[in-house]
Amino acid sequence: MLEERETKEPAMNPFQKNESKETLFSPVSTEEVPPQPLSLPKKPPPKICGSNYPLSIAFIVVNEFCERFSYYGMKAVLTLYFLYFLHWNEDTSTSIYHAFSSLCYFTPILGAAIADSWLGKFKTIIYLSLVYVLGHVVKSLGALPILGGQMVHTVLSLVGLSLIALGTGGIKPCVAAFGGDQFEEKHAEERTRYFSVFYLSINAGSLISTFITPMLRGDVQCFGEDCYALAFGVPGLLMVIALVVFAMGSKIYRKPPPEGNIVSQVVKCIWFAISNRFNNRSGDIPKRQHWLDWAAEKYPKQLIMDVKALTRVLFLYIPLPMFWALLDQQGSRWTLQATRMNGNLGVFVLQPDQMQVLNPLLVLIFIPLFDLVIYQLVSKCGINFSSLRKMAVGMILASLAFAVAAAVELKINRMTPPQPGPQEIFLQVLNLADDEVKVTVLGDENNTLLEESLRSFQKMPHYAQLHLNTKSQDFHFYLTYHNLSVYTKHSVEEKNWYSLILREDGKNISSMMVKDEGNKTANGMTTVRFINTLHKEVNISLTTDIFLSVGEDYGVSAYITVQSGEYAAVHCRTEDKDFLLNMGLLDFGATYLFVITNNTNQDPQAWKMKDTPANKLSIAWQLPQYALVTAGEVMFSVTGLEFSYSQAPSSMKSVLQAAWLLTVAVGNIIVLVVAQFSGLVQWAEFILFSCLLLVVCLIFSIMGYYYVPIKPEDLQKPADKQILHTQGNVINLETKKTKL
């Protein structure tokens with residue numbers, strides 16, 4: 001808004017009424033016509049420690065830190081919340097995640113329009129922050145297991161996310177600009193440094209929150225499950241603090257009044273130019289130098305010139321969404337990849353959603369590294385490393401990051417057991433009888449599908465792959481125990497894992513079929529369940545927050561997720577006895593079955609079996625892809641903002657900011673479409689994105705080669721401003737330096 005105000009100040013010059021022609025057509029420097037604010041404060045605003053930094057920016061920076069903590073903290077656990085709490089599949093979780101991200105970058109247009117044309121920045125931030133807080137409250141309520149069922153949780157979650165998207169997107173274009181409004185024009189250097197501090201506060205909030213909120217989710221148990229309500233509630237509390245801190249500085253803020261919606265003016269100008277050109281297609285009408293010149297009948301020349309400069313930059317924005325499509329998958333596809341990796345780094349255990357902390361951490365390291373070291377070395381080598389070239393290199397680095405992610409995905413797949421496909425099941429047999437049992441599995445046509453002999457308390461070394469004739473089918477089992485043969489039948493459904501449990505029933509043998517958890521856990525944690533062979537119900541306290549009961553006489557418990565680690569003494573009790581179970585080491589990502597058996601000489605014991613192997617590949621293998629994509633972000637995003645700001649007229653800065661955010665929104669829509677309709681396996685999808693970005697980088701490089709950068713002093717000359725504010729007899733003169 002400061003830039004918009006600048007265009008109006010020459011009209012307030014008291015010497016303008018008696019200008020000579022020499023004064024009118026001579027270039028006028030900014031020193032000759034100093035900018036004057038709309039309203040002069042009665043006394044200078046308070047400063048920070050005697051510096052030229054207004055005290056009000058301290059409230060704004062703290063507000064931004066808390067708001068970014070709130071946003072990124074909530075977003076860090078969002079994908080796992082969809083997958084594990086709402087029980088959506090990976091593609092749906094990824095799509096909703098990116099739909100939410102996209103909405104967060106569409107709503108800034110609404111926020112900018114409200115601030116510029118109606119409420120002003122201060123009131124817009126206050127009111128939309130209240131909406132933001134309400135969204136967090138609704139989102140946290142939707143994560144309470146005791147509040148309704150699946151439908152209630154889904155509705156509350158979507159409503160909460162919609163309110164959060166409106167809040168965070170609405171205040172996004174206002175907070176940074178409102179901080180810039182606090183500086184006087186003579187303190188432009190301090191204002192530049194403020195934006196650096198502002199960007200630092202964003203990454204500091206993101207860094208801390210992406211590390212803490214996954215801990216709140218995984219290390220704290222609510223109602224026997226991961227505590228998503230707490231993981232969403234703490235970011236909501238930080239948003240309340242952000243709102244309170246921002247409101248505390250109300251009396252010392254400089255609050256420029258709304259000056260009109262420049263976004264609306266730009267859209268109307270472009271639309272009028274297009275429609276006017278379409279209505280004057282006759283060959284008798286002389287052509288004009290530029291298509292925007294067709295708006296000259298209605299709009300001032302200065303606005304048309306500014307829109308021309310704006311459209312040149314917007315044209316370069318066309319390929320940019322593909323970069324954001326890759327960058328924003330850190331919170332979705334890369335987090336899902338981390339769930340199938342081993343987070344035990346020796347010193348500490350890293351949760352899958354905590355890997356996102358690498359991005360803001362590396363941003364804080366890479367920005368000074370690139371500015372002070374890499375760019376300086378490149379400059380000394382005599383290489384012209386322009387802004388557009390930096391952005392192209394950033395795209396290449398992001399493309400390489402996804403190639404590395406594809407290689408990691410292939411390595412994970414080689415270590416992961418295969419999954420049953422259509423008309424297919426995986427079956428294992430577990431013998432809990434006191435002697436050897438021979439098992440024969442027959443199909444519908446009495447053909448032998450499987451034949452195994454198992455000793456007492458032995459299971460098959462691995463799952464057997466059995467084919468079905470239809471999606472569901474009955475299998476016939478013949479059990480030979482001592483001299484007794486038993487026939488039984490069990491139904492199975494395709495794409496599932498099953499365990500056939502054999503148990504002794506007096507002198508007879510019987511069996512039961514249970515469905516296993518064949519896939520890895522959604523959050524990368526360890527999964528356990530119990531079979532109780534005792535004649536009494538057993539209550540098990542896995543941790544201080546996790547309790548379960550297992551019925552007597554071969555009761556089978558549900559699956560329970562726990563943190564990996566050593567469980568040497570798990571407290572258990574029956575109606576008349578307390579005892580401890582030694583479960584040993586529970587490895588990261590594995591699935592275990594424990595059979596509680598009676599021991600006549602000692603307390604009951606647990607027989608341990610591993611159904612699904614642990615994650616073998618370390619999560620540290622994701623470090624190269626995070627380093628590459630973050631380096632690409634620093635070269636692309638930071639440089640792109642700087643380039644865009646330098647190439648846009650002062651009155652178009654806010655429009656360009658909204659357009660930049662729109663490219664992020666479109667990038668998330670690209671991910672949404674690919675996730676829903678590509679049908680590719682994950683490594684192939686990573687390769688697809690990598691190749692698409694390389695193609696886009698080539699197109700962007702060609703566009704950048706033909707782009708002629710505008711010098712900042714040519715964007716808006718003081719002489720231009722003065723001509724625009726003269727009377728109608730000179731309003732149509734060309735706005736250029738004219739020598740008498």
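Using the three backbone atoms N, Cα and C, a Cβ is placed for every residue, glycine included.
Among the ranges 196-216, 553-573, the one that TrEMBL lists as transmembrane segment is 196-216. For the transmembrane segment (154-175), the residues of the chain that approach it from at least six positions outside its boundaries are 60, 63-64, 67, 71, 74, 81, 86, 100, 103-108, 110-112, 114-115, 121, 124-125, 128-129, 131-143, 147-148, 654, 657-658, 661, judged by C-beta separation under 8 angstroms.
Long-range Cβ contacts of the transmembrane segment (196-216) within its own chain (Cβ-Cβ under 8 Å, at least 6 residues beyond either end) map to 60-62, 64-70, 72-74, 76-77, 176, 179, 227, 230-231, 234-235, 238, 351-354, 356-357, 359-361, 363-364, 638. For the transmembrane segment (658-680), the neighbouring stretch richest in Cβ pairs under 8 Å, chosen from 95-115, 309-327, 686-708, is 95-115.
In summary, the transmembrane segment (390-408) does not lie against the transmembrane segment (69-89): fewer than three C-beta pairs, each 6 or more positions apart in sequence, are under 8 Å. Among the stretches 69-89, 127-148, 309-327, 357-378, the one making the largest number of Cβ pairs under 8 Å with the transmembrane segment (228-248) is 127-148. Under the criterion of 3 or more C-beta pairs below 8 Å, with sequence separation of 6 or more, the transmembrane segment (309-327) and the transmembrane segment (69-89) do not qualify as touching, having fewer than 3 such pairs. For the transmembrane segment (95-115), the residues of the chain that approach it from at least six positions outside its boundaries are 75, 78-79, 82, 88, 121, 124, 128, 161-162, 164-166, 168-174, 258, 261, 263-264, 328, 331-332, 654, 657-658, 661-662, 664-666, 668-669, 671-672, 675-676, judged by C-beta separation under 8 angstroms.
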